[in-house]
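Some features that Swiss-Prot has for this protein:
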BINDING   17, 20, 21, 22, 23, 37, 40, 67, 123, 124, 126, 154, 155  GTP binding site
BINDING   22, 40, 64  Mg(2+) binding site
REGION    35-43  region 'Switch-I'
REGION    67-83  region 'Switch-II'
MOD_RES   201  phosphoserine
LIPID     211  S-geranylgeranyl cysteine
LIPID     213  S-geranylgeranyl cysteine
MOD_RES   213  cysteine methyl ester
């Protein structure tokens, strides 16, 4: 039987090819690091439950997207139905950092009229001696776009949990404040299953009818 969860958040992980998107997701969802990882073709799907507060769990649907240009038309279709995302670059590959702006602009075009909460992720921080992007300039770019910045390593399991849980908590706070709402026809946020809780007026009416019988 599936564990109980309060909400389901659909997340998307984007960035250039070879920045380590699949490795990061597999470390988070499966607890393992693959030394050799085949390039993602189109989109792959993963899921995991995260407990953000005692007794409050969020189900994450995580979409791993291909970074190659020839798959962009496929991955763009998933932007609109995502509420959050990790935007990855490789700290040893300056070009992948320079392309962050392009990824963000592309996302803005395809998510309308909704919004995506992003965290900027500098991946492969275990290769610090090969760094081509300083933490300072990455933090500056993230601040310019209103994003958090975090550095991770799938190989050494550094900040992998933190990247996903911080993003989940940020989305959860926006949902609690009513700044992000569940909307018909949008898959970004869905209400979960909580026992002994009436979720709609229709359910109340059904309950009252049963009592009158």
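Along the chain as shown, residues are numbered 1 onward.
Just so you know, glycine gets a Cβ as well, placed from its N, Cα and C.
When the alpha carbons of residue 21 (GTP binding site) and residue 64 (Mg(2+) binding site) are compared, the span between them is 7 angstrom.
The most densely surrounded of the binding-site residues 17, 22, judged by C-beta neighbours within 10 angstroms, is 22.
Its Cβ taken as reference, residue 123 (GTP binding site) is surrounded by 30 other Cβ atoms within 10 Å in the chains shown. In three-state terms derived from DSSP, residue 126 (GTP binding site) belongs to a helical segment.
The binding-site residues listed here are 21, 155; among them, 21 has the most other Cβ atoms within 10 Å of its own Cβ. The separation of residue 22 (Mg(2+) binding site) from residue 126 (GTP binding site), Cα to Cα, is 17 Å.
Listed binding-site residues: 64, 126; maximum Cβ neighbour count within 10 Å falls on 64.
Between the CA atoms of residue 17 (GTP binding site) and residue 64 (Mg(2+) binding site) there is a gap of 11 Å. In the structure as shown, the Cβ atom of residue 23 (GTP binding site) sits within 10 Å of 22 other Cβ atoms. A straight line from the CA of residue 123 (GTP binding site) to the CA of residue 22 (Mg(2+) binding site) spans 12 Å.
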